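Marked as active site by Swiss-Prot: 126. Residues annotated as topological domain 'Extracellular' in Swiss-Prot, with similarity to another entry given as evidence: 1-12. Annotation source Swiss-Prot lists topological domain 'Cytoplasmic' at 34-257, citing similarity to another entry. The transmembrane segment annotation in Swiss-Prot covers 13-33.
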């Protein structure tokens, strides 16, 4: 094991201990002060829209916090961020993705000249991803003539055999590429109006873009010109609108005197 790999595992160990401590403290506080902890979680849910999501009552999701499934999911997300290679201003990782037809391609295959390419990472079991899907579709409609869009379906955020929410979409963790493609096809019923591809079963794009559970990027000419903060708390399609308005608006011509 080389020094970089050893350093990575040391970072993972530190994160493991941090998450374990956070979950243990959260569990104790939820036992001692259930009302206060619930209000705190609901306040966080206001930011994602979860607390206003008509599909979910608080009892569908609040009690799942600080469970063993919560621990493993948060740990996975934190560990994945150590693999982040998508830097603002840097070259976008040209990861392999798979079309719903089964054909393999690369993210850069969807770049067309100098047109911005919006990457939308998410899954059907991520409530905020679906709640804000119409916002994303409006982006596609409004900028169809000047930008391109790509949905990359990644591993499930709240699979039924993972950190599950009651009354959520019923999809288990993907055990094969076929299962991932089948889950991604559910998005077609929502008329995404842009290509949908899936991440590989090695979760390459999800790791290199630190995309779990959901995230937005804008690429132009192979470079990252917008890196949205990680969801669900900071997943915001309207930020992408502001970026596209700046990138796609031609400079005003100032007449010479």
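The backbone N, Cα and C atoms fix where each Cβ goes, glycine too.
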Calculate the per-residue pLDDT averaged over the topological domain 'Extracellular' (1-12) and state the result as an integer. 85
Would you mind listing, in sequence order, the residues at least six apart from the residue listed as 'active site' in the same chain with a Cβ closer than 8 Å to its Cβ? 156, 157, 158, 213, 214, 231, 232
Same-chain residues at least 6 beyond the ends of the topological domain 'Extracellular' (1-12) with CB under 8 Å of its CB atoms are 79, 82
